[in-house]
Every structure is written in structure tokens, then in C-alpha cells.
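Take a look at the structure below.
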Amino acid sequence: MARVLRSLRSSQPVARFQRCCGLFPAAEQLPARDTCSGGSPARQRLAADCAQKYVVKNYFYYYLFKFSSALGEEIFYITFLPFIYWNINEYVSRRLIMMWSIAMYIGQVSKDILKWPRPCSPPVVKLETRAEYGMPSTHAMAATSISFTFCIATMNQNKYSFVLGLMAACVLSTLVCLSRLYTGMHTVLDVIGGTLISAVLIALTYPAWDIIDNLMLTSPFCPILSIVVPLLLCYNYPKLEDYSPTRADTTTILGAGAGATIGFWLNNLHGAPNYPNESLQLSLPSLSEMMKVALERFFVGVFILLVIRYFVKHMALWLLCSRYQVSINDLEARRRLEIEVPYTFITYASVGLGATVLVPFLHKVLGLM
């Protein structure tokens with residue numbers, strides 16, 4: 001077993017997978033040092049993430065895995081999750097946001113506790129630059145938790161084959177996992193670990209989904225807990241010798257989840273009008289009209305969220321920098337705990353709140369509900 005784990009943690013299977021998919025290091029590239037050994041963690045990560053020249057001999061796999069990798073990025077989920085809320089089902093969106101927040105927090109914290117390095121380069125070709133550690137793969141965790149939560153949450157809500165939904169979830173999560181090997185960002189063990197952690201989280205939390213959902217909508221303590229608990233987790237994030245973007249990423253996720261949760265609670269408290277629950281069935285006559293309304297809701301909503309993000313971010317950053325008497329352009333100052341956590345949390349909590357309260361109100365005004 002120990003030998004198998006060492007093999008899965010090795011960079012060689014990743015390099016072999018890349019070669020099988022037609023990705024090779026450029027022949028003219030000078031031999032690089034083994035970036036997995038020697039030096040401080042900061043220098044190791046910086047060296048490991050340096051841009052590399054490479055040769056692509058199979059562009060089908062190249063674009064397939066680059067696209068699949070994008071499905072695990074935060075920007076995808078920050079647009080995908082509101083889309084589900086605005087167009088598919090509020091019940092489903094609440095579960096997706098809950099599982100996404102839990103899985104991503106555990107994944108990000110685990111990285112900075114375990115401190116396992118990413119694959120060595122050489123032999124691996126790296127297509128992305130990442131400054132955080134590798135184990136577990138949060139792309140794999142997010143893809144697994146989102147796809148299978150969506151499948152489970154919709155199986156009794158919509159008239160489509162559960163087997164078809166399960167197959168789609170497997171394909172999506174597998175593509176994202178393989179993309180992390182193709183881009184050279186994770187070992188096989190990182191990806192397997194991320195997938196298994198998400199699977200365990202779904203299994204453990206599934207029996208309590210309805211209870212949590214009811215508390216989220218009706219408990220008078222929901223708004224306070226939605227703010228206090230995430231902030232405590234962010235302020236007590238594991239400390240590292242060198243700066244890592246994982247704390248900011250975690251604060252972004254928890255802030256968006258907190259804002260959305262408060263929005264759900266407010267909508268239930270004040271009896272806000274709900275979106276009609278769209279059934280996920282392939283009925284062609286109404287498909288074009290559904291898509292038209294869905295796209296209108298989506299683009300209006302995303303525009304509003306971008307505006308909220310821009311103004312709230314700059315306002316919060318300006319106030320905090322003024323409070324601590326530092327320049328707003330000082331990157332090192334912005335990375336300080338007392339500035340980074342509150343401005344990031346306020347920004348994305350506002351985005352989450354806007355997505356669940358302000359955008360639906362505008363949709364109603366514009367006749368899109």
C-alpha cells in the first residue's frame with residue numbers, strides 16, 4: 001500500500017499522462033532543476049510555477065482539458081451558482097452553495113496544513129501558475145461536490161433520468177480531475193484525495209440537508225451565524241511562513257456563501273416572490289423561449305454583480321487602507337490579515353446578497369420573473 005501511495009504521489013504518472021495526451025516540454029528548453037527539493041517553500045513554489053515552453057501535438061486534448069480545467073475555477077461557480085438560482089431551482093441552489101462552501105473551505109485549509117508540494121518540473125510540464133500547495137485538489141473537490149450534489153438534489157425535482165444525470169456528473173467531475181493532471185498542477189493522489197473527500201462530505205451531510213435548509217430559511221440566528229462563523233474561520237486560517245492566496249480565496253468563497261445565505265433568509269422572511277421552478281426536461285417547443293428568458297436573467301444579473309463587486313471592493317479597500325494609514329496600491333499592505341479578510345469578505349458577501357435579493361428584485365421590475 002505504501003508503495004502504491006508513493007507512486008500515486010509521484011510526478012512520473014502525471015508526466016506520462018501528459019505525453020500520452022500529446023503534451024511535451026519544448027526541445028530547446030534548458031534542463032530545469034528539480035523544483036520539489038531544496039530551498040524555502042516560497043522559492044520552491046515560485047520555481048515550480050515558472051512559465052514553461054511546451055509543444056502540443058494533440059490539440060483536441062489540449063482544448064478539452066483547458067476547458068475542463070476552467071469548469072473548476074471560482075469564476076465558473078460564481079456565475080454557475082447564481083444561474084441555477086435565477087433559472088432552475090432555488091431549492092437546488094441552496095444545497096449547491098452549502099456544499100460548495102463546505103468542500104472548498106476544507107480543501108483550502110487542508111492544503112495549508114498538509115503542505116504537500118505540487119508535481120516536480122521536470123518531468124511535468126506546467127500550464128498554469130499556482131502559489132499554493134497541492135493536496136487535495138480543490139478543483140476535483142469542487143467539481144465532485146457540485147456535480148453530484150446537483151444530481152442528487154434534482155433527482156426528485158425534475159423529470160429526467162437519474163442514470164443520465166449520474167453519468168453527466170461522472171463525466172464532468174472526471175474531465176475536471178483529468179484536466180488537473182494534464183495542466184501539471186496535481187499528482188494522481190491529489191486528485192483522488194480531493195474526489196474522495198467530497199464524496200465523504202456529501203455522504204455525511206446528505207441526511208441533514210433538509211434540516212440545514214430549514215434552519216437557513218427560518219432560524220432567527222441565521223444572519224448572525226452566517227457572518228460570525230465564516231469570519232472566525234477566515235481570521236483563524238492556518239498561518240504560513242510565506243504569503244499564499246488560499247486565505248483570500250477561502251474568504252471569497254465563505255463571503256459569497258454568507259451573503260447568499262442571508263439573502264435566502266431575507267427572502268423567506270419577507271415573502272419575496274420566487275422564480276418559477278423550471279423542470280429539467282427536454283421539451284423542445286418551449287426550449288427556445290426558456291433559453292431566451294434564462295439568458296436575459298443571466299446577463300442582467302451578472303452585470304449587476306460586477307457593478308456591486310467593483311464599487312463595494314473599492315469602497316471597502318479605501319476605508320480599510322485609510323483606517324490603517326497605508327496606500328491602497330501597496331500590495332503587501334493589502335495582504336495583511338486585518339485588511340485582506342474584511343475587504344474580501346465584505347465584497348463577496350455583498351455579491352452573494354445582491355445575487356439573491358437585488359437581482360431578483362430587478363428581474364421582477366423588468367418582467368423577467
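Just so it is clear, glycine is given a Cβ too, placed from its N, Cα and C backbone atoms.
Just so you know, TrEMBL annotations are computer predictions that nobody has curated.
Since this is a predicted model, take the numbers as computed values, not measurements.
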Where TrEMBL places transmembrane segment among the ranges 96-114, 134-152, 248-266: 248-266
Outside the transmembrane segment (298-320), six or more residues from its ends: residues with CB under 8 Å to it: 79, 82-83, 86-87, 328, 334, 338-339, 342-343, 346-348, 350-351, 354-355, 358-359, 362-363, 366, 368
Ranked first among 63-85, 161-181, 188-209, 248-266 for CB pairs under 8 angstroms with the transmembrane segment (215-236): 248-266
Residues from the same chain, set at least six apart from the ends of the transmembrane segment (248-266), whose C-beta lies under 8 A from its own: 74, 78, 81, 85, 90, 94, 97-98, 100-101, 104-105, 108-109, 216-217, 219, 222-223, 226-227, 230, 233-234, 237, 272, 335, 340-341, 344-357
Remote residues contacting the transmembrane segment (63-85) - C-beta distance under 8 A, at least 6 residues beyond either end: 21, 92-93, 96-97, 100, 127-128, 138-140, 142-143, 146, 150, 172, 175-176, 178-180, 182-183, 249, 252-253, 256, 260, 275, 294, 298, 301-302, 305, 351, 355-356, 359
